[in-house]
C-alpha cells in the first residue's frame with residue numbers, strides 16, 4: 001500500500017486554484033516523478049505536503065498500515081452526506097492517526113519525510129560537516145531539546161550520521177570546508193546530504209538537476225539511484241528533464257493547471273493524449 | 001460634558017492623525033515599493049520641523065555649537081506660507097540624497113543591516129541637530145496670518161467654546177496634502193508605477209520601466225511628506241531633538257502596522273485611528289495613553305499582520 | 001562572509017568566524033585556547049587587572065598625552081562588565097540567531113526594579129491593592145529574583161514577538177519595551193516611584209558577612225569582585241551554550257532559517273530560547289546595575305534608548321564572536337563616561353557629542369566593517385601572526401636552486 005496518499009488535496013489563493021482536488025498515491029520503494037508545465041502546481045503540491053502551506057481542503061496520509069489504508073480508500077468513496085455516523089467516526093480516527101495535513105514542516109520532517117531544495121539551501125557560513133550535523137541533530141534528538149549546556153563534542157551519534165551522509169554523497173574529504181566556498185555542484189550534493197541526514201523514508205527532490213551540466217546531471221542521477229538502492233528510499237521527483245524521468249522513474253504523475261491529468265507507468269504516460277496536448281510539442285519524449 | 005469631550009478628542013485626534021497619516025504614507029510606500037526598512041524616517045520629520053522653524057522665523061539659540069561660536073539667532077523669517085513650499089522641497093532633496101547614498105547601497109543587503117544603518121543615521125541626525133542648535137525645547141510656531149487670512153487666535157466653536165483657530169486650518173491643510181498625495185498615487189502614471197512596484201517590483205523592472213528613478217522619486221516623496229508633517233507638527237507642538245523618534249518614527253511604524261504596508265489608504269486610515277486613540281486616551285486617562293497606543297499596535301500586528309488594508313505578504 | 005541571499009530569516013552580514021589556521025600547531029593552540037578551563041582562567045586573570053589598567057594604566061597614558069582627562073575610574077570597570085554581561089547574551093540573539101530586538105531594556109529594567117524592590121521594605125500599591133516588600137537584602141537573592149523575573153517576562157514577550165519576523169519583530173519588541181516604560185513612569189508609579197526614581201535599595205552583605213563596599217587589595221571594591229565573578233559565570237555559560245547543539249542551531253538560524261525548519265527542528269521554539277536566554281542575561285545585568293547604581297529610573301532602565309544602546313554596543317564590538325560585544329560595551333562606556341568629559345583636538349569640548357561620535361562609528365561599522373572593532377583586532381592579530389608564520393616557514397627551507405635557462409643572445 002501507498003507510503004504517501006493524497007486525498008482531494010486542494011489549495012486556493014484568493015481567486016486562483018493552484019492545486020485542484022489532487023488524489024495521488026506514492027508506493028513504498030518507488031521513484032515517482034511529478035511533471036507538468038510551468039505553473040502547473042507541482043511546487044505548491046509539495047509545499048502542501050511538507051507543511052509549508054496549509055491546504056484549503058483535502059488530506060495527506062503518511063505510512064498507514066494496509067488495513068487502515070484500505071479503510072480510508074473505502075470510506076473516501078462514500079460521500080460526506082451518505083456516510084453513516086460510525087463510518088464518519090472511523091474515518092476521523094484514521095485521519096487523526098495517519099494524516100499529516102496541517103502539520104508544521106519540522107513535524108513533517110520528523111515523521112520521515114525530507115526535502116531537498118531546488119536551490120542549494122545550505123548554511124553557507126558553516127562547514128560542510130556542520131551543515132549535515134544540523135540535520136543529524138534533529139534526527140538524533142527530535143525537534144527540540146533543552147540541551148544548551150551540553151557540550152557538542154559529546155554527541156557521537158550525531159557525528160556518525162553526519163560522516164555517513166557526507167560519505168554517501170562523496171563529500172567527506174571536504175567536510176571541514178566552509179560551505180559557501182564549495183563549487184555549485186558540491187553545494188547541491190551537500191544539499192542532498194542534509195536532506196538524507198534526516199534519515200527519511202520519503203524524499204522529495206525539487207528539480208535536483210536544475211542548472212547542471214550534462215556530467216553533473218548524470219552524476220546526480222547515478223547518486224539518486226544508488227541512494228535509493230542502498231537506503232531503500234521512496235523518492236518523489238519534480239523534474240523538467242524528460243530523459244532523466246523516463247530513465248529512473250517507476251511511475252509518473254502529470255499535473256496541469258493544478259489537476260492530475262495522468263498517472264501511471266512511463267509507457268502509459270508517454271502515450272497519453274492529454275499529456276501530449278498539455279505539453280503541446282514542447283517536449284521530446 | 002460628554003459631547004464637549006468627544007468633540008475635543010475628535011479635533012485633537014484629527015490634528016495628530018493628520019501628522020501620523022503623512023508619516024505613515026511615506027514609510028508605507030517606501031517599504032512597499034522598495035522593501036526598504038527606513039528607521040531614519042523620523043529623522044526626516046525632525047529635519048522638516050527644524051527647517052520649518054528656520055524658514056518661518058528667527059529663533060534665538062541658547063545652546064549648541066552655533067551658539068558657542070556667537071550665533072545668537074538663526075532663521076529667515078519668511079513666514080509660514082513660504083515654509084509650506086520650502087520645507088517639502090527641502091525634504092524632497094534630502095530624500096533624493098538619502099536614497100542615493102544610504103538606501104541604494106543597502107537594497108541587496110540583509111534586512112537587519114538596513115535596520116541598523118538607518119537606525120544609526122537617525123541617531124546621527126538627532127545628535128547633529130542637538131549639537132548644532134542645542135538640546136532644548138522650542139515653543140510652537142503657529143502663524144497668525146496666512147495668505148492674508150487671519151488664522152491666529154481663538155475662534156468660537158459651538159459646544160466647546162474657544163479653540164485655537166490655527167489648529168483647524170492645520171487639519172484642513174494636512175487633509176489637502178493627504179488628498180493630493182492620494183490622487184497622485186491613484187491617478188497618475190507615476191502613481192501607477194508606485195502601486196505596481198508595491199505589488200511586484202520584479203515585474204515592473206522587467207517591463208523596462210526605469211525602476212531606479214522611480215525609487216528615488218518614491219523615497220523623495222516619502223521624505224517630503226515626512227518633512228511637511230514636521231512643519232505641521234512644529235506649528236502646534238514643541239520642538240526638540242527627540243521628537244524625531246518619539247513623535248514621528250515610532251508612531252509612523254505603528255501606523256504602518258495598523259494600516260498595512262504598501263497601502264496609502266491604509267496609512268491614512270491607520271494614521272487617523274491612532275491619532276484619535278492617542279487624543280482620546282490623553283484626555284480620558286493620560287497615564288495610559290501611550291501604553292494603549294502601543295498595545296493597539298501590538299494587537300494589530302499579532303492578530304492581523306497584514307494590517308487593515310495591507311496588500312503584500314511582507315509580514316511573515 | 002555569509003551570503004546575504006539566504007533562504008528566509010534575517011541574517012546579519014557577519015555570522016560567527018570560521019577558523020583561520022590549519023595544521024597541528026594550530027590545532028594544539030586551539031585545543032588549549034578553546035578548552036573551557038583556560039578561557040575561564042585567562043579571563044579571571046585579566047579581570048583582576050582590569051580596574052588597575054583602567055585607572056592606573058590609563059592614568060599613565062593620560063599623563064603622556066598632557067592630561068586631556070582620558071583616565072578611567074573605578075566604577076567604570078564595573079559598568080563595563082555589567083553591560084558586558086548583557087551584550088554577550090544579546091549577541092546570542094543578534095549575531096548568531098539573527099534577530100534584532102529593540103526592546104531588551106524591558107528585561108534589563110524590570111530586573112533592576114525587582115532587585116531594588118525585593119530589598120526594600122516599602123509598601124507598593126497598584127489598582128487599589130497594596131503589598132509590603134520583603135526586605136531581602138542578600139545580594140545573591142536580590143539578583144536571583146531580578147534575573148528570574150526578567151526571564152519569566154521574556155517568555156510571553158518573546159512568544160508574541162517571534163510570531164513575526166524582521167522589522168515587525170523589532171517593532172513588537174520595541175512596543176513591549178515602551179509599554180513597560182510608560183507603565184513604570186505613569187500608572188505603575190505606585191510600584192516604581194515613577195519619575196522620581198527608585199532609590200530604596202538596601203544591599204546587605206554577601207553570604208552574610210562580605211561587605212560589598214569593602215576593599216580588596218590591588219583589585220578594588222568588593223562589589224567589583226562580585227560583579228567580575230558573575231561576569232565570568234555569564235561568559236562561561238554563554239561559551240557553553242555556543243559549544244552546545246544550541247550554538248550550532250542558533251548560527252544556522254541566522255544563516256538559513258527555512259532550512260533549519262526543514263531538517264526537522266522546531267524553529268519557533270529555538271528562536272524563543274534564544275530570546276529568553278538573552279533576556280536572562282539582560283536581567284542579570286539589570287540586577288547588578290541596580291545594586292551598583294543604587295538607583296533605578298525609567299529613563300535609564302526601560303526607555304528604548306537603552307535598548308538601542310545595547311544594539312550599538314554589540315555591533316560596535318562585533319557580532320561575530322563571543323567576546324566581541326564586550327569590547328563594544330567597553331568602548332561605549334568609555335566614550336560615554338570618560339571621553340565626554342574631555343577636550344579633544346579639532347572637536348573641542350566633547351560633551352554630549354559623544355553620542356554623535358558613537359553613532360558615526362556605528363554606521364561606519366554596519367556599512368563597511370561588519371566585523372566590528374573586536375573583529376578588526378582579531379584580523380590584525382591573524383595578519384601579524386600569519387606574517388610571522390610565513391616568515392618562520394621561509395627561514396627553514398632554502399629556495400630550490402634553479403638552473404638558469406640561458407637564452408641565445
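Every residue gets a Cβ built from N, Cα and C, even glycine.
What TrEMBL records for C:1-23 is region 'Disordered'. According to TrEMBL, the feature transmembrane segment maps to C:37-55, C:75-93, C:105-129, C:135-155, C:167-186, C:224-242, C:272-291, C:311-332, C:353-370.
As a quick check, the transmembrane segment (C:311-332) and the transmembrane segment (C:272-291) miss the bar of 3 or more Cβ pairs under 8 A, pairs 6 or more apart, so the two do not touch. With pairs at least 6 apart in sequence, the transmembrane segment (C:37-55) and the transmembrane segment (C:224-242) have 3 or more Cβ pairs within the 8 Å limit; the two touch. Proximity of the transmembrane segment (C:105-129) to the transmembrane segment (C:167-186) is established through 3 or more Cβ-Cβ distances under 8 Å for residue pairs spaced 6 or more apart. Cβ atoms under 8 Å from those of the transmembrane segment (C:135-155) belong to residues 106-108, 110-112, 114-115, 118-121, 202-208, 212, 226, 230, 272, 275-276, 278-280, 282-284, 286-288, 290-291 of the same chain, restricted to positions at least 6 beyond its ends.
Long-range contacts of the transmembrane segment (C:272-291) within the same chain, counting only residues at least 6 positions beyond its ends with a Cβ under 8 Å from a Cβ of the stretch, are 78, 82-83, 85-86, 88-90, 92-93, 96-97, 99, 101, 104-105, 107-116, 139, 142-143, 145-151, 153-155, 157-159, 161-162, 201, 203, 212, 223, 227, 230, 234, 238, 241, 246, 250, 253, 301, 310.
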